[in-house]
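If you check TrEMBL, you get these features:
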ACT_SITE  16  active site, tele-phosphohistidine intermediate
BINDING   28, 29, 72, 95, 96, 97, 98  substrate binding site
ACT_SITE  95  active site, proton donor/acceptor
């Protein structure tokens, strides 16, 4: 069906805006820090161009919003939507638990691991090796897969109708990329290089109106105004 109102369901994958630690390159998992002033401006700009009636993310077409419980993610959705309501927080979208590496930078993490006798013949790769006293790739995969199953259950009955069926997810740098990999059926260690800027929006959907054919929307056509 060519009408955009009857298009295949989409999942809008949104990274929270800039924080002090995202600027400095420090790993920010459970530490509950706010957006910077610039981070709030980033999200407000995203909202201006992408969120609203007739825009790419049209709230009239959204059936569910899932948000990480961290304040930087919650604030991002509030700025995006202009509302403090209408969303569900879920630990499924919380950032990777970095364990001992919380607040550290990549170089320091690699040095720490080598001092622990790890990675003597190769460099640390979070997608493969996980985090000491934090989450493994398998644990992150498990919680993402549970949410993907829930999303597919919500969207499967509406592959071709005009009911509200889009879903918004607001999460974090590693988590958004991990989610995209799992949506496509890849292990987290699969060498697929993905980037997600603070305040950025990615779009996931399905090929051929088929819930068993999840896909990345590589190029997005914007709605035509009336």
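Each residue, glycine too, has its Cβ placed from N, Cα and C.
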Fewest other Cβ atoms within 10 Å: which of the binding-site residues 96, 98 wins that one? Let me know.
98
Residues close to substrate site centre defined by 28, 29, 72, 95, 96, 97, 98, Cβ within 8 Å:
27, 30, 31, 70, 94, 102, 172, 174, 175
Sparsest-packed of the listed recorded positions (16, 72) - C-beta count within 10 angstroms
72
If you count the other Cβ atoms within 10 Å of each Cβ, which of the binding-site residues 29, 97 comes out on top?
29
Conformational class of residue 72 (substrate binding site) under the three-state DSSP mapping
helix
State, in Å as a whole number, the widest CA to CA span among the substrate-binding residues 28, 29, 72, 95, 96, 97, 98 given in the record.
17
What does DSSP call residue 16 (active site, tele-phosphohistidine intermediate) in the simple three-state scheme?
coil
Rank aside, I only need the closest one: which of the binding-site residues 28, 29, 72, 95, 98 has its C-alpha nearest to that of the residue listed as 'active site, tele-phosphohistidine intermediate'?
72
Close in space but at least six residues away in sequence, with Cβ under 8 Å from that of residue 95 (substrate binding site), the same-chain residues are 28, 29, 30, 68, 70, 171, 172, 173, 174, 175
